[in-house]
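> This is the structure I want to talk about, given as structure tokens.
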Amino acid sequence: MSHFSYQDGVLCAENTPLAQIAQQFGSPTYVYSKAALVENFSAYADACKQHGRNDETSLVCYSVKSNSNLAVLNLLGKLGSGFDIVSGGELLRVLAAGGSPRKVIFSGVGKSREEMQLALSHDILCFNVESIPELHRLNAVAAEMGKKAAVSLRVNPNVDAKTHPYISTGLKDNKFGIAYEDTLTTYRVAAALPNIDVVGIDCHIGSQLLDDAPLLEAVDKLIELIDTLDAEGIHLHHLDIGGGIGINYDNDQPVAVGDYLARLFAKIDAWRKQKHGGAPIKVLFEPGRSIVGNAGILLTEVQYIKHGETKNFAIVDAAMNDLMRPAMYEAWHGVLPVKQSTAAAATYDVVGPVCESGDWLARSRELAIEEGDLLAIMSAGAYGMTMSSNYNTRGRAAEVMVEGDKVHLIRKREAASDLFALESLLP
Ligand SMILES: *Cc1c(COP(=O)(O)O)cnc(C)c1O
């Protein structure tokens, strides 16, 4: 069920009219639905429970980079979520939001020494390591601190996620993960390092996957590796399948999370029964988009209607700096008028005020709109605010979270003075 729907001709977030939010908080503003977030997280948590998993045998580590607002992290943490981070900054966010470092896993190809120290000082659950040089650096940093770093190796299973090349990460020729053929050698290196504790294996093959077949294929490959390593005396305690489940942007039909997890657990249970006397292995997930993507919209106001020679433009007060996905991936976002109208529609490109031709949010949309109308850019909860910038010295949008008929401001709109507060003149 969508938590953004028309009530009496007015688009609402849960029970709150979006026009009321624009009036109170201005625009552009990111609007999230608390109920949608809870529902989307619960799809994972409930499926884990249904398939006999508890906190010892499963953990959902929400991917912080998809939406890292403290209120979002705090809400998910209270629901029992762990966190997948890709920087020291994200760890500090998780801690500020009250998240448990014991449920944090640290992904990414370029962890600095300082980031390793920070994560080790908080005893995070696991580092997802992506190369042999990273293993050596982590071993050295842990040794200096008199600690042992828990490590999972991110394997590149070389399966085609069949998604956009920019968000596909599981094929041979991209920068992520350890090549499948090098896995055994790399585990041997890891197992021999005194300050590394080898605990798991992980992969993340891409994003916006509509079908779970590539994920299940990747799991088959990880299972094979776990058994091979077992025979060598390297025993892994967890399997982390990454994130990547897609959402509906434009008549997309993503696999239901419950169905995907049912197939995944059936596969894992059959394997454990056959080869390991039914002994469980902990299963980790790193979902981002499927939890927040459709839990948020970007609310924006039409500034001008401009009739060009071949095209009509709706110039709105949100821009590529607020929502980068269209400019970066030619991503499609639905555009809904906040007030339903019976006036004659025209075809518009919805564009922002930024001085770039790439600054567009939607193209060729039928809209019945005029200056001053509000629009909702749909499915903007993931990789929206977190990818935003201050290009053109535009303060970032405000963020609010709706709970029924209540609206909570969870990030103030940036003022221009905030944007140059860290800068200084020459002496
Ligand atoms: C971005 C990312 C995720 C989340 O991906 P979604 O497609 O948003 O679910 C998970 N794991 C890693 C390592 C990532 O980089």
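Every residue, even glycine, has its Cβ placed from backbone N, Cα and C.
What TrEMBL says about a protein is an automatic prediction, not a curated fact.
What TrEMBL shows for this protein is this:
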type	residues	note
BINDING	Gly244, Glu286, Pro287, Gly288, Arg289, Tyr383	pyridoxal 5'-phosphate binding site
BINDING	Arg289, Arg325, Tyr329, Glu356, Tyr383	substrate binding site
DOMAIN	30-381	domain 'Orn/DAP/Arg decarboxylase 2 C-terminal'
DOMAIN	57-292	domain 'Orn/DAP/Arg decarboxylase 2 N-terminal'
MOD_RES	Lys65	N6-(pyridoxal phosphate)lysine
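In the displayed structure, how are the listed features positioned relative to their neighbours?
In three-state terms derived from DSSP, Tyr383 (pyridoxal 5'-phosphate binding site) belongs to neither a helical nor a strand segment and is classed as coil. The Cβ of Tyr383 (pyridoxal 5'-phosphate binding site) has Lys65, Ser66, Asn67, Gly288, Arg289, Gly293, Met324, Arg325 as same-chain neighbours under 8 Å, each 6 or more residues away in sequence.
In this view, Arg325 (substrate binding site) is surrounded by 20 other Cβ atoms within 10 Å of its Cβ, with every protein chain counted. Look at Arg325 (substrate binding site): DSSP puts it in a helix.
Here the domain 'Orn/DAP/Arg decarboxylase 2 C-terminal' (30-381) returns a mean pLDDT of 95 for the predicted model.
Other C-beta atoms found within 10 angstroms of the C-beta of Lys65 (N6-(pyridoxal phosphate)lysine) number 18, with every protein chain shown included.
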> Among Gly244, Glu286, Pro287, Gly288, Arg289, Tyr383, the annotated pyridoxal 5'-phosphate contacts, find the widest CA pair distance and round it to a whole Å.
15
> Tell me which binding-site residues (Gly288, Arg325, Tyr329, Glu356, Tyr383) have a Cβ under 6 A from ligand 1; sequence order is fine.
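Only Gly288 meet the Cβ criterion.
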> Compared by Cα position, which of the binding-site residues Gly244, Glu286, Pro287 is the closest one to Glu356 (substrate binding site)?
Gly244
> Name the residues of the same chain, 6+ apart in sequence, whose Cβ is under 8 Å from the Cβ of Gly244 (pyridoxal 5'-phosphate binding site)?
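Residues satisfying the criterion: Ala161, His204, Ile205, Gly206, Ser207, Gln208, Leu209, Leu215, Pro287, Arg289.
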